[in-house]
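**Student:** Have a look at this one.
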Amino acid sequence: MAEQLKPEIFELNNGTMRVKVTNYGCTITSLLVPDKYGNLADVVLGFDSLEAYLGGNAPYFGCIVGRVANRIKDGKFSLNGVQYSLPVNNHPNSLHGGNKGFDKVVWEVIDYKEGENPAISFRYHCHDGEEGYPGDVIATATYTLTSSTTLRLDMEAVPHSKPTPISLAQHTYWNLAGHNSGDVLEHTAQIWASHYTPVDHTSIPTGEILPVKDTPFDFTTEKKIGTSISEVPGLGYDHNYVLDSKEEKLGLKHAAKIKDPSSSRVLDLWTDAPGVQFYTANYVNGVTGKAGAVYEKHSGVCLETQGFPDAINQPNFPSVVVQPGEKYSHTMLFEFSVAV
């Protein structure tokens with residue numbers, strides 16, 4: 001049984017980059033990549049000990065969230081005439097799978113290999129009715145270092161008994177200057193999306209798909225994250241972008257590029273998901289992390305590729321419903337480099 005599995009930390013190391021992941025929530029706990037001088041820094045927010053993750057202190061640091069990432073309005077949806085109720089853990093909505101989503105369970109390690117392309121695979125059996133969702137689902141996640149400075153994540157999930165919504169997301173908070181270097185407002189961002197899904201005051205999409213042009217949400221060309229953040233209603237960016245298919249690699253769309261001017265580190269993200277949640281750590285407030293670093297608002301940026309938020313209740317959004325025997329799949333490619 002999954003309950004008897006033990007949380008552990010595993011390392012993927014190819015000699016250039018080092019990634020630590022735990023089977024608790026498939027969480028990336030640290031990721032070291034070189035800067036323009038070859039100096040390594042840990043560029044993800046997180047904790048030194050597993051106990052801090054297990055204690056529920058993390059605002060989704062580094063984990064995979066599911067069965068359905070992001071928010072579901074009022075924690076309710078109906079499917080094939082059946083009404084389902086989910087935990088309301090982000091009032092008045094259900095967020096990231098509920099009280100005990102995929103991020104708060106221990107996954108089974110099904111493969112772990114070292115060498116030039118080290119990789120680790122995890123599996124989780126989510127049961128019918130777990131957190132209110134219908135049907136059994138077997139989910140797998142594989143992290144692989146595919147080149148000296150590239151991390152690939154492949155997520156899959158198969159429902160076994162009933163149709164169900166499935167939408168997984170990877171929730172790492174990135175700070176390319178180093179996890180302990182303050183806010184990311186000087187980082188630049190480019191997002192390959194000419195539209196976004198506006199939200200109401202509870203962060204639920206209104207159902208509209210609007211152009212980003214002439215709004216603070218426009219990152220179609222590179223700009224500082226902090227440039228227009230004060231014009232965004234609320235505390236900062238926490239919005240789903242509708243990804244265009246302008247640039248492709250290995251069957252994946254270019255989703256975003258983040259750059260840190262101080263270290264010259266660059267992160268290019270590629271995916272096959274329809275959207276990306278661009279989130280500027282608005283609710284991180286005085287969290288004590290690795291080596292005593294205190295993480296405050298805007299201390300990281302999340303690039304959560306995903307199905308659209310509340311898609312189960314929004315008929316004009318791409319469907320997130322998966323039928324028994326069908327396979328949900330979602331790939332992310334994190335390419336690190338140094339700006340020249």
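Cβ coordinates are placed from backbone N, Cα and C, and glycine is handled just like the others.
The active site, proton donor feature in TrEMBL is assigned to HIS171. The active site, proton acceptor annotation in TrEMBL covers GLU304. Annotation comment: TrEMBL describes ASN70, ARG71, HIS171, THR172, TYR173, ASP238 as beta-D-galactose binding site.
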**Student:** Taking just the CA atoms, what is the gap between TYR173 (beta-D-galactose binding site) and the residue listed as 'active site, proton acceptor' in Å?
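**Tutor:** Approximately 9 Å lies between the Cα of TYR173 (beta-D-galactose binding site) and that of the residue listed as 'active site, proton acceptor'.
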**Student:** Using a 10 Å radius around each Cβ and all protein chains in view, which of these recorded positions has the most neighbours: ASP238, GLU304?
**Tutor:** GLU304
**Student:** Here's one to test understanding: among the recorded positions ASN70, ARG71, HIS171, THR172, whose C-alpha is closest in space to the C-alpha of GLU304 (active site, proton acceptor)?
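**Tutor:** Of the recorded positions ASN70, ARG71, HIS171, THR172, HIS171 has its Cα closest to that of GLU304 (active site, proton acceptor).
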**Student:** Quick check on the binding-site residues: of ASN70, THR172, whose CB has the lowest count of neighbouring CB atoms inside 10 Å?
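**Tutor:** Relative to the other binding-site residues in ASN70, THR172, THR172 has the fewest Cβ atoms within 10 Å.
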**Student:** Can you figure out which of ASN70, ARG71, ASP238 (the binding-site residues) comes closest in space to HIS171 (active site, proton donor), comparing Cα atoms?
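**Tutor:** Checking each of ASN70, ARG71, ASP238 against HIS171 (active site, proton donor), the shortest Cα distance is to ASN70.
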